[in-house]
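A.B. asks: Can you read through this structure? Questions will come right after.
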Amino acid sequence: MWYCVNVRLVGGHSRCAGRVEVLHRGQWGTVCHDVWDLPDAAVVCRELDCGEPVDALHGAHFGPGSGQIWINFVMCWGSESTLKNCGSGGWDRHNCDHNKDAGVICSGKVL
């Protein structure tokens, strides 16, 4: 089965840890860390088949990204299948800089 991955983790020690980046309008961009928490991280881990969330990180823990900052105030329940199904402050509407890029560490094991 083919599917389109719309999220990736960059700058971590494995494919299941890093700065959160989302694909929107054909361009990768980051997610601002405002209200970023474990339910949000859980959705990213699930979307990437990376197991359970271990940590939801703030303050560009994996280094600042570049280019677009796509979303801010991500609000997931934790049960969504993709990050794009979560609520947010809207696409390309933020007051962030890349020092506020969100990060995730996933267990890497599907339980």
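Note that Cβ sites are derived from N, Cα and C of the backbone, with glycine treated the same way.
Because TrEMBL annotations are produced automatically, they should be read as predictions rather than curated entries.
In case it's useful when we look at the structure, here is the feature table from TrEMBL:
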type	residues	note
DOMAIN	7-107	domain 'SRCR'
DISULFID	C32-C96	disulfide bond
DISULFID	C45-C106	disulfide bond
DISULFID	C76-C86	disulfide bond
A.B. asks: Write out how many residues of the domain 'SRCR' (7-107) are helix, how many strand and how many coil, based on DSSP.
C.D. replies: 16 helix, 34 strand, 51 coil
A.B. asks: Cβ neighbours within 10 Å, counted over all protein chains: which one of the disulfide-bonded residues C96, C106 has the most?
C.D. replies: C106
A.B. asks: Quick one: mean pLDDT on the domain 'SRCR' (7-107)?
C.D. replies: 93
A.B. asks: Non-local Cβ contacts of C32 (disulfide bond) (under 8 Å, 6 or more apart, same chain)?
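C.D. replies: Listed in sequence order, they are I69, I71, N72, F73, H94, C96, K100, D101, A102.
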A.B. asks: For C86 (disulfide bond), what is the tally of other C-beta atoms lying within 10 angstroms of its C-beta?
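C.D. replies: So the number of other Cβ atoms within 10 Å of C86 (disulfide bond) is 19.
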A.B. asks: Neighbour count, 10 Å Cβ-Cβ cut-off, for C45 (disulfide bond): what number do you get?
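C.D. replies: Here the count is 25.
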A.B. asks: Pop the Cα-Cα gap between C76 (disulfide bond) and C106 (disulfide bond) into the table, whole Å please.
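C.D. replies: That comes out at 16 Å between the alpha carbons.
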A.B. asks: Give me the Cα-Cα distance between C45 (disulfide bond) and C76 (disulfide bond), rounded to a whole Å.
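C.D. replies: Given the Cα positions, C45 (disulfide bond) is 13 Å from C76 (disulfide bond).
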